[in-house]
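Everything below concerns the one structure shown next.
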Amino acid sequence: MWPFSSSWKEIAQQKVEERAKALQTALPASPEQLVFLAAPAAEIVQRIAAGEWTASEVLEAYISRAVLAQQTINCLTEVLFEEARQQAQALDDYVQVTKKLKGPPHGVPVSFKDVYDIAGHDSSMRYSNQAHKPAAVDAELVRLVREAGGIPLAKTNVPQTLMFYECVNPMWGRTLNPYSADHTSGGSSRGEAALLAMDGSVLGWGTDLGGSLRFPASFCGIYGFKPGHGRLPTGSVKENLPGLDAIKTIMGPMGRSVADIELACRVGFGQQSENYDPAPILYRDIELPEKLKFGYYVNDGFIKSSPASQRAVLETVEALSREGHECVEFAVPDAAKALKFFMSLTLADGNKTLFSPIKGDLRVSAFLSLQCCPKGWARLLISWVLRYPMGDAVFADIMKLCKTASVEEFWSTIDQQKDYFRKFYKEVWEKYKFDGIIAPVLAIPALPHGPVAYISPLSSSSLLYNIVDSPVGTVPVTRVDPNLDRLTDEWRNQPAASPPTLEGLIYKGSNAFYNVDKMAGLPIGVQVVEKKWEEEKVVEMMKVVDRALGKRGFGPGSWKAKAQ
């Protein structure tokens, strides 16, 4: 930590007190509310339409659980309970008068990552200088959800700079994993995933630049979806790297079932926006072939996946094969290149844009891993040491990228990224004729707090699909089992190559991050991937995967049983 202004603590304290006051309006939880918490979005809408439930009583159940989630894992930022109650009552009055529903998410409580503007509330994004500056209007997606009858319930926590696995910031503190207080809940949409995992919301909206939506979905045992760019409106959604168009920040839904994801996509796809950015393509109903051809891999060619992450992929492949689908293992072409493109493009201005909003705020320890990138001769020296004495050519190349790029270098990287996009499509989609790909979300399950800040290259398997702009869904598969997921000689002898520095941190020594005894019970998911513009196929394939895997302890209402 280093010098910071004297005002950030006072501002943070004010915000925490405002949140505490809003939380106090929640009514006591009751056993009768559990039926609402165990219902997916479609069932809530159906029961409200049938007159069996009201939006108001459903909302109170989720308010009570959201308060419990906040007390347990610290996931909320802005609390919207009072205005949510007013909207729920207006929806109930609307049904009484018209005998109709407003739209597909009528009466469904919805939460949003703190980057989404909601009129009358801050989008502080963990920065004190953004506090007490309420948005004038709703973000485009918030507006669409609200107009269709969805009820914004709360906004959720994010990490400082949005670029770490660890969810901690000076204003709101640390968000915990719902299944282990000792582990992180994932990427920058982690507050959202953690709230959904505890049944504190029905639908959620996050963002994804390099896995920020998919990591937390996997770590918390929920479903997530990163569309390709151009299917959802982006207006009034804050970004940590505004202006970076080579890799787009993507808005995406998060939920407790595939049906929840589909409902959210139907609300948002192809709708007009103040930015005129979504393609005018509404959600399309499609029918998949009876038998599908899936590609899969357990290692992406950059980092060797843990036994737990490999098992999640293999169990999914086995389940699909039992259903008669063809599954073919393949090798990802040049996975390390995707990571290098990501690093080059996001670090191109020397982190000036990323760091500028922090100003006088306290820097969390994770921040140091970016702030302290060596410069000049020191960077070159460290790169040389990594490459030769340590034998780690990949990390040596990554270290060279930690610098401010010239315009020529930046344009060259974008051009190389485009070449890689074409190479991936030719050598994967065209060569194998896959309907979809099953892949690890991350090399290991949820990491322990603290060290996660320093190993961003772990995200290679996920950020690959940001580089090639593929739509990707995440499906929870299983949980870490110490009896099945220990490191074995068979695993050690796998030919998959990993950077020695990274593999040592993750798997070797008494302080290795991968520890199945401490990780026992943590969720693990897989990615379901398709070609650009095939978002609806991803959703349908997520259904195929979900059905093939069968019941396995995930979904609405599942948190309580697992937490005990």
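Yeah, the Cβs are placed from backbone N, Cα and C, and that goes for glycine too.
In TrEMBL this protein carries:
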DOMAIN    57-538  domain 'Amidase'
ACT_SITE  Lys113  active site, charge relay system
ACT_SITE  Ser188  active site, charge relay system
ACT_SITE  Ser212  active site, acyl-ester intermediate
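Taking the features listed in TrEMBL, we show where each one sits on the structure.
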residue: Lys113; record: active site, charge relay system; CB count, 10 Å: 31
residue: Ser188; record: active site, charge relay system; CB count, 10 Å: 34
residue: Ser212; record: active site, acyl-ester intermediate; CB count, 10 Å: 33
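Here the domain 'Amidase' (57-538) returns a mean pLDDT of 89 for the predicted model.
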